[in-house]
Amino acid sequence: MGKMIYLDNAATTKTAPEVVEAMLPYFTEMYGNPSSVYDFAGKSKDAVTKGREQIANVLGAQKEEIYFTAGGSEADNWALKATFEAYKSKGNHIITTKIEHHAILHTCEYLEKERGAKITYLDVDENGVVKLDELEKAITPETILISVMFANNEIGTLQPIKEIGMIAKEHGILFHTDAVQAFGQVPINVDELGIDMLSSSGHKLNGPKGIGFLYIRKGVKIRSFVHGGAQERKRRAGTENVPGIVGFGVAAERAMHSMADRTAKEVLVRDHLISRITSEIPYVKLNGHPKKRLPNNVNVSFQFVEGESMLLMLDSFGICASSGSACTSGSLDPSHVLLAIGLPHEIAHGSLRLTLSEETTMEDADFVVDKLKDIVANLRSMSPLYEDFIKKQNK
Ligand SMILES: *Cc1c(COP(=O)(O)O)cnc(C)c1O
C-alpha cells in the first residue's frame, strides 16, 4: 500500500504544525492558571485573550462576544438549551431544519420531549437549501429562536444565511447558526449576516480537538451553561483550555489568511473529482447544491452499491472517506440529510462523501477516481439488483 489519501476532512482535520508549535509551551512552560494573580499566570491569561481576539477578528465580532467551549457539540447544546430557558416566558417555539447535525437535532428532541418546547423542522429542497417562504410561514408569536446551519457537513450545501438573518431580525427573533463546517472555509461577518449566535469547533479547521466556541452577540440574554467559577464572563465556568484556545486562535487566523488561495485550489480539485466521477461512472448522482457548496465537499450516490462496502475497498487502497449509509451511525437508516433531499433509501445507502484539504492534489483525485471506477464496477458485478436492472435495460 502506498501513501494514505485522507478525504474525510469534514470529520476532522490534521492539526497544522504551526498550531501544535504554538500550543506546546502552554503545556510545558506556561502552565499557569489564567485566573491566578501572579505574573506567571498572566502569561496564560494573555494567551487566552489573544486567542479570543484572533477568533473575533475572523467574524468581525468583539472579543467579549466569544465564549470558549469544549467543542462544536457543546456550543450547539448551549445555544439551544440556554436560549430556550432564558426566553421561554416569551415563547416556546424554535425553528430549525431537517438537515442539522445531531448536536442540534438531538438537543431539539430533548427540549421537545423534556422541556415543553415546540420545534418546527423545516424541509429543504432537492439541493439541500432551506425554503425561505416556508421559514416565514413557520414563524409564530411564540417563536424565540431560528437555528439553521451555515453549511451542511454531509452534502456541503451553503444556506442563504443573510436572508435568514434578515427574516429573524424583521420578526425580532434570535438567529443561531451552526457554522462548524463553514468557519474558516467561507467569509463570515456576523453583523453583515445578522447572526446573533454562532457555533464553531477547532478540529474542523486544522486546530486541536476538544475546543470550540459560541459567539453570543452583546445583549442576547442567554443563560450560563456551566456554573462554577467566573471564567468566560460567568457564562461557562471551568479553568480555560489554554493550549486549546491558543491552538484554535492560530488555526482561525491561519484559515482566514489562507482562505482565498486554499479554497480556490480546493474548488479546482473538487470540480475535477465531480466531473470525472459523474462522467466516467454510470448511474451516479451528485448530492448537494452544484454551486453553493463548501469548496472541499464532494458527495455522490451510486445506484446498486452499498456505501459501507465502498469505504472498505477504498480503505484497502489507503483512501479515507465517509458514506451516508448505515453502520457508521450505528443505525440501519441512511443519513437523515440524504433522505431530506429526497433520495430513496436504496440510493442514499450508496453514498460517498469525499472532503478535501489544501493538501489534496489532482494526482490524488485521479488515483481516487481510477480506484472508484473499479470498485463500483466490482460491487455492481456482485449485485443481483444490478443484474436484473441490466437485463431489463437490454430487453
Ligand atoms: C463536527 C460538527 C459538529 C460537532 O463538533 P465537535 O467539535 O466535534 O463537537 C457540529 N456541527 C457540525 C456541522 C459539525 O460538522
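Positions of Cβ are set from backbone N, Cα and C atoms, glycine also.
Note that TrEMBL annotation is computational and uncurated.
Annotated features in TrEMBL:
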DOMAIN    5-366  domain 'Aminotransferase class V'
BINDING   Gly72, Ser73, Asn153, Gln181, Ser201, Gly202, His203, Thr239  pyridoxal 5'-phosphate binding site
MOD_RES   Lys204  N6-(pyridoxal phosphate)lysine
BINDING   Cys327  [2Fe-2S] cluster binding site
ACT_SITE  Cys327  active site, cysteine persulfide intermediate
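Listed binding-site residues: Gly72, Ser73, Asn153, Gln181, Ser201, Thr239. Those with a CB atom under 6 Å from ligand 1: Gly72, Ser73, Asn153, Gln181, Ser201. With all protein chains in the displayed structure included, the most crowded Cβ environment within 10 Å among the binding-site residues Ser73, Ser201, Thr239 is that of Ser201. In this structure, Ser201 (pyridoxal 5'-phosphate binding site) is part of a beta strand by DSSP. In this structure, of the binding-site residues Gly72, Gly202, the smallest number of CB atoms within 10 A of the CB marks Gly72. Counting only residues at least six positions away in the same chain, the Cβ atoms of Thr12, Thr13, Thr15, Gly71, Lys209, Gly210, Ile211 sit under 8 Å from the Cβ of His203 (pyridoxal 5'-phosphate binding site). The separation of Lys204 (N6-(pyridoxal phosphate)lysine) from Gly72 (pyridoxal 5'-phosphate binding site), Cα to Cα, is 9 Å. The binding residues for pyridoxal 5'-phosphate are recorded as Gly72, Ser73, Asn153, Gln181, Ser201, Gly202, His203, Thr239; their greatest pairwise CA distance is 30 Å. Cβ-based crowding with a 10 Å cutoff singles out Gln181 as the top-ranked of the binding-site residues Asn153, Gln181.
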